[in-house]
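A.B. asks: So TrEMBL has the following annotated:
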ACT_SITE  His775  active site, charge relay system
ACT_SITE  Ser1000  active site, nucleophile
ACT_SITE  Glu1058  active site, charge relay system
DOMAIN    877-1069  domain 'Tail specific protease'
TRANSMEM  20-39  transmembrane segment
TRANSMEM  51-71  transmembrane segment
Amino acid sequence: MNVSLRNTETDTFGLCTVDALMLKFFIIYYIIILGTTIMNHELPRQNHKTILLLLIAVFMCFEVAADTKLLRFADIHRDQVTFVYAGDIYTAAVTDGVAKRLTAHEGFEAFPKFSRDGKKIAFTAEYTGSRQVYVMNADGSDLTQLTWYNDVGPMPPRGGFDYRILDWSVDDKHILVRANRLPWGIRMGQPYWVPVAGGMEKPLAVPEAGGGMLSPDGKHLVYTPKDREFRTWKRYRGGRAQDIWTYDLENNTSKQLTTHEASDHQPVWVGDEIYFISDRDYNLNLYRYVENGSPEKVTNHNLYDSLWASAGPEAIVYENGGHLWRFDPQSKTSKQLNITVTANQESLIATRKNVKDMIESMALSPDAESLMIAARGELFKASTKNNEIREFSRTPGAREIDVSWSPDGKSVAYLSDETGEYELYTKNIKSGRVKQLTDDGHTWRYTPVWSPDSQKLAFSDTNQTLWVVDVNDKKINKIDRSKRNDITDYSWSPDSAWLVYTKTENTGFNSIFVHDLQGGQTNRLTSADFNDFSPVFDPNGHYLFFLSNRDYNLTFSSYEFNYLYNNATRVYAAQLNNQSPALFPFEASKNQIDEEKDKKETVKVDIDFAGFDNRVVALPGDAGNYNNVQSNGDAVFVVENGNNGTALKIIDLTENEIKTVIAGVGNYSLSIDGKHLLVQKGRDYGVVKAAAEQKLKDKIDLKHLTMKVDPRTEWQQMYTDAWRILRDWFYDPGMHGNDWQAIHDKYLPMAAAATHRTDLDYVFGEIAGEMNAGHIYVNSGDQPSVKRQSNGLLGAEFKKHKSGYFEITKIFAGENWTESRRSPLTEAGVVANEGDFVIAIDGINTQSVANIYQLLEHKADRTIALELNQKSDKKGARKVFVKPISSESQLRYLDWVNSRKAMVNQLSGGRIGYVHLPNTAGDGNRELFKQMLPQIGKDALIIDDRYNGGGFIPDRMIELLSRKTVNYWKRRGLDLDSNATPLIAHDGPKVMLTNGQSSSGGDALPYYFRKAGLGKIIGTRTWGGLIGISGNPGLADGGSILASTFRFMDTDGNWAVENEGVTPDIEVIDRPELIAAGHDPSIERAVEELMKDLATNPRSTIKSPPAPKDF
């Protein structure tokens, strides 16, 4: 169907011909008639839903054919547009909208860009196992690969892609590409020239860039120094908000065009005019830059954001609401393009897939002969004796999770969102009869736990509430509500009369409580003095076993007199009352217990609350790190997390010792009869005896754990799940003022139009962005991908010599004792120098290729032979053997840090030290200590927080920086400075450097630095992302959307930093031309400030007085 341009964004279905409207009418008519017919027949309810979904899918497929949505990363050249759809590249004429498919590959193609003459298209693809730059004719012919330097690898959606096509040179001989090779982060990039005829790519003088485009004469670049196009954060106003700059490529000068607090990005050039996308008026719209005036808003989209503007010689194309729009600068009008894609979409084909890597939960039958598995939203019943596996639920469009098998073996309980919300169900094993127990699912629920009599289920929710439901009359009782954290740790007494659980105190410790189901009373069992958790009753009704942190073991630093408290946990037991048999010696007690079993048919639990703590004893085993206590009465089982990995342990109460069941087990469950254990070891599962020294011989064969996956049906469920996860886990139940149901409905048509798993990630990001909050992250799930094959890198830079060989222009120094910083050409036995020529690689003459990395394709971590020579001649070449690496990012980072350190040393005459912190996680904490330690004697310190990627809350880092000398110790013949307390402390002045890439923990660090009064902050405002994540459930196909669960407040009770950042005391902009010339304005200003401080307050030297003689 040929459909003309239209000028509206409110018509959901679009303008259609009379025939199209009639066809739609008949489809809708048959949906209603057939839907009514099947509902009136005795079909299983899941069949109703399946048939209706198929009918709706037919209707939706018609919609896609008539007006295809989610066309992405478009470019335009006169009457032609090129775009990405379902991971492939298409072209279409704006006049008729009929699309032509140019590529078809399992990998994801991105960023197609027409050459200036419109004859070629540059793009990026994963054809060889890594993302590289390609060029082809505009009709899809004559495909040519142009780059081979290893990309940074698949990044999470918020990181985007390495290699982004920005533009073509005026003569179409070079392609301007953003490549991620900067030293301070793999998600940051710099523009490179890539020759179309083949050759080495060369960086522009512009040190860092996001999107950009060349001026019509090719002499200037309009761009954004910062990049955040893939971030899921709308209406962002922090320090990483982008501004528009131009860079004069001939004179190496720059000019900042915009300074608004909003995000101005995706600048393009049409003739003499610069246009860009901005959300300065709430939604992202297109603006025209006006010199010496306010930008002119030229589009007025008020429902969806405008994204990914790209310009041709006459017009601009951009995305909005899943459609492509064309803006005409001459008429200043914008019209929607109706594009018809008729190609088959392989990514939508329903296929049978193995789901063993997407197991969400498992339950062992009471006799240990069967398993109930929840995987990818369905339930499966598997035999532990043979390979038999069958689907136990078939509910397309719904998701079953958190399965639990009843102790009587008759039913399983689980959560399902079949009604639109997660409700609690039971299903009979034999009859298949389903019973819905709850109908008020307005919040996320945790795993249901059966009572031993199979009559009740305990569960909790994200409203911090613990509940019990009767499986017969469906009566629900509220047990308790926590004021601090969710209640997720609960279990039953053997007589089903008591429910024991943990609740978080104001101190952050957990305490154990117990609820009497008959009397309705709740009592505290343990005091608030310790952290107690994982409580379980002894099946015989005499003891409570639990974990507690009651050891305070010191672990000393290897570098200073400092220590921490770790390995604090042991397994403990408490007699439930004074008449309970003594645990030790247990042999006599066991005889008493066995006699009681013979006399009584049922166990009755009696708890004496007075003096409970006095009856607590530690069980055998060293203090360490343990979790998940379970007991069969004769023994206690627990998972140990030690330095050598995990292990399932058994504490034999009779022998009074702890032994290993199986090493490497991280998760397990005990059968109802206490005789068997279901264990998980890595990706393997099996059932073993509940005894010491077991081996996982008979692993459960999951090769038949398969199901038919219909992507579009599954994606619709996942869309609602993602929306629901944000609703139920976001720190603010008011959703930052959003009508959350309206947000669901707003993006539902886009989710319904998804034809590739990356489309769904994009839509998830749009939903997340509406929260106007940081740290809401999307992680990809099951999507088409190519097998990763890394190309080799040598830790060096090269240029093509006139001889045809490649000259080594730079060798990066490494730390070869650390694998991530191994520099191949500097390793022992390798003789290679800057200025040497690479004559051959693995016997292939380098004159035969235009780009040296062609000969390193797929050679990462494989030993290769290099022939090197001091002159550009094969004669006299020496052969060396090296092992290429797959990434030079750590070598480039180390080189940058060392160059900053040398700069500071030179500018200050050796008086000032320099420390860069890449993040506030493990690496950042290591670097702080590692770099600070040898510079303690410096008069002053620069702490560089620029490009800090965050991680942990950095209070420990501030504690180290805040240390002051409290005294000295005089030793014979030694200086005082070498004998101070604390040994590692810096008393001199400090400054901290920040920029818009100082993120998360990198926001908190300067905030704490200022709060501690440690010195001035120099640079630009930080990211402004102090709202955190603490985990939430994932999605059916293994993907996830992470909700922000807590937010930063200052000590006066005000919201702070989030969506704002930390403002420096002295603003310094690291102008690109100065950085390109070898300067670092922030460092230069920091040295200037510290030298002034040292001149005013010189560091004093303490001298030891003579030793006393008179007493």
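Glycine is no exception: its Cβ is also placed from the backbone N, Cα and C atoms.
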A.B. asks: Would you count the other C-beta atoms found within 10 angstroms of the C-beta of Glu1058 (active site, charge relay system) for me?
C.D. replies: 22
A.B. asks: Whole-number Å only: compute the distance from the Cα of Ser1000 (active site, nucleophile) to the Cα of His775 (active site, charge relay system).
C.D. replies: 8
A.B. asks: For the residue listed as 'active site, nucleophile', list the number of other Cβ atoms lying within 10 Å of its Cβ atom.
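C.D. replies: Its Cβ shell of radius 10 Å holds 27 other Cβ atoms.
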A.B. asks: Which whole-number value in Å describes the distance between the Cα atoms of Glu1058 (active site, charge relay system) and His775 (active site, charge relay system)?
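C.D. replies: Cα to Cα, Glu1058 (active site, charge relay system) and His775 (active site, charge relay system) are separated by 10 Å.
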A.B. asks: Excluding near sequence neighbours, so keeping only residues 6 or more apart in the same chain, what lies with its CB under 8 A of His775 (active site, charge relay system)?
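C.D. replies: The list for His775 (active site, charge relay system) reads Ser1000, Gly1025, Ile1027, Gly1028, Ile1029, Leu1042, Ser1044, given in order along the sequence.
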A.B. asks: For His775 (active site, charge relay system), just give me the three-state DSSP call.
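C.D. replies: The three-state answer is coil.
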A.B. asks: Through the lens of DSSP with three states only, how would you label Ser1000 (active site, nucleophile)?
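C.D. replies: Once the DSSP labels are grouped into three classes, Ser1000 (active site, nucleophile) ends up as coil.
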